[in-house]
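Engineer: The following feature annotations were taken from TrEMBL:
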{"type": "BINDING", "residues": "166-173, 191-195, 212-215, 288-291, 317-319", "note": "GTP binding site"}
{"type": "BINDING", "residues": "S173, T193", "note": "Mg(2+) binding site"}
{"type": "DOMAIN", "residues": "2-159", "note": "domain 'Obg'"}
{"type": "DOMAIN", "residues": "160-336", "note": "domain 'OBG-type G'"}
{"type": "DOMAIN", "residues": "355-439", "note": "domain 'OCT'"}
Amino acid sequence: MATFVDQVTLHLRAGGGGDGCVSVKREKFKPLAGPDGGNGGNGGSIILVSDLGTTTLLGHHRAPHRKSDHGGPGMGDHRAGFAGPDIELAVPVGTVVKDADGNELIDMDVAGVRFVAAPGGMGGLGNAALATTKRKAPGFALLGTPGWEGDILLELKVVADIALVGYPSAGKSSLIAAISAAKPKIADYPFTTLHPNLGVVQAGETRFTVADVPGLIEGASEGKGLGLEFLRHVERCTALLHVLDCATLEPGRDPLSDLDIILGELAAYPVPEGQTPLLERPQLIALNKIDVPDGRELASFVRAELEGRGYRVFDVSAVSREGLRELNFALAELVEADRAIRALEPVAERIVMRPRAVNEVDFTVRVEGGSGGDIYRVLGEKPERWVAQTNFTNDEAIGFLADRLAKLGVEEQLFKSGAVSGSTVIIGAGNGVIFDWEPTLTSTAELVTAPRGTDSRLDDSTRMTSNKRRETYLQRMDAKAAARAELQSERTAGVWNVDDEIALARESEDDDAASRD
Ligand SMILES: Nc1nc2c(ncn2[C@@H]2O[C@H](COP(=O)(O)OP(=O)(O)OP(=O)(O)O)[C@@H](O)[C@H]2O)c(=O)[nH]1
Ligand SMILES: [Mg+2]
């Protein structure tokens, strides 16, 4: 039964943001008292957290589909929608996160790193938040944007102090079983070990971890055998222990040539930037299977040669346990030396990261030749998000989008790229959102002077000059004075009615509001 799962693809779907709300405040005697639509809540994000208590990716292997909740829609009376709660997924320390194309997103190599793998969508602004002095009562709100949806790849790279490397059947699994409590599968056929086994070894005061990994053969660095699979794990280890088989009966094999081939493979493996190349790490040699008489003899023949190359060499037997104590203490020494060096290094602080489209520029316009003429494709985080926020059944919302695009310079760039009236403009990748480019979108200069989003119920969209406004105001005041005088005379005559009184009061309130603008 495979219990060590070291590679899992997760299918994530983060919650979308809630839509903003369009609402107009209504009060007694003041039916249109301004916009009060609240913002939508943000969608929940899916966050990976590296955790020492989690040792395998097994839990994710069993539940690879994860989603977080949507944000709630905004409501009237300035009430914001609720935010969708974030979901946290614990992953073992040593998990490398990659995107669906295999590009590394983050290496969660220490505990406590929080990585927002799938950001939730943004809540849309309500019409209250969209109101400006020029656009007093927007008749539209922004839609919430969808949450991130897609696959990520989790890869667990074993983080052990010592990696056992050697040919298949050299006795690596037997050795880890002999020096730790690990119970790996041991058999006399090659590639018994398919997944790394971790063992904890106690030598005196020192406790360290040893990784038994799949066997290495010539060509492994090009992926032969279980090659790269294996080297991926070695990458994280501080030191290497070469396990050489002194009792192999295979022709052409002996400890020295085995070692040379393995060194060649380790040298060819490109470690990630910032890490020590494999062969520059401390290395020890264990000559295994000395319980076999021929093995002991062979070990004594090659020892001098290996020591001459600068290695510390240990004769061991995983079966009779001979030489294991000395080997353990030598490994502990290496580990201690490394830990002492690391303790001096400053601990790098880890911050929450978020994958972001890295756009140096806000957007790009790409001209794509098609059979039906040129297509102008606009790509960029902002324009694409803005399109997602637009309710295309609302003219005001479309106008607002056009203003935003114009302000960003999209219009101008389209024009420079050669777009003309009627050209096909697509915003976003794939099918995106397709527009027929119309001069209304281009002649933004005119549009800016006549602000969009002015609500005719509250404000006259054909704005008057201040002189004209003054004139009409005075006219109304005169009319009111006349009406008041008439009412007064009716009152004295005893024929006034209450409805006229209310209408008059309401009118003067509206006039007061209008004169405040
Ligand atoms: N006589 C003797 N046999 C051993 C010794 N160590 C391992 N073996 C035998 O060698 C064979 C292979 O051992 P494993 O521990 O599975 O070898 P491995 O290096 O893990 O092999 P892979 O997982 O295939 O890479 C088994 O039959 C073991 O019993 C030893 O010290 N003495
Ligand atoms: Mg093995």
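Numbering starts at 1 and runs along the chain as displayed.
Here the Cβ of each residue, glycine as well, is placed from N, Cα and C on the backbone.
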Engineer: Please determine which of the binding-site residues listed here (K172, K289) has the lowest count of neighbouring CB atoms within 10 Å.
Structural biologist: K289
Engineer: For the C-alpha pair, I'd like the distance in angstrom between S173 (Mg(2+) binding site) and P214 (GTP binding site), rounded off.
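Structural biologist: On Cα coordinates alone, these residues lie 9 Å apart.
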Engineer: With the Cβ under 6 Å from ligand 2 as the test, give me the qualifying entries from the binding-site residues S169, K172, S173, P214, K289.
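Structural biologist: Passing the 6 Å Cβ check against ligand 2: K172, S173.
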Engineer: With DSSP as the yardstick, break the domain 'OCT' (355-439) down into helix, strand and coil residue counts.
Structural biologist: 30 helix, 22 strand, 33 coil
Engineer: Would you mind giving the whole-number mean pLDDT across the domain 'OBG-type G' (160-336)?
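Structural biologist: Averaged over the domain 'OBG-type G' (160-336), per-residue pLDDT gives 85.
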Engineer: For the binding-site residues S169, S173, which one has its C-beta crowded by the most other C-beta atoms within 10 angstroms?
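Structural biologist: By the 10 Å Cβ neighbour count, S173 comes out on top.
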Engineer: Please state whether DSSP places K172 (GTP binding site) in a helix, a strand or coil.
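Structural biologist: K172 (GTP binding site) sits in a helix per DSSP.
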Engineer: Which number gives the other C-beta atoms within 10 angstroms of the C-beta of G166 (GTP binding site), all protein chains shown included?
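Structural biologist: Cβ-Cβ neighbours of G166 (GTP binding site) within 10 Å number 26.
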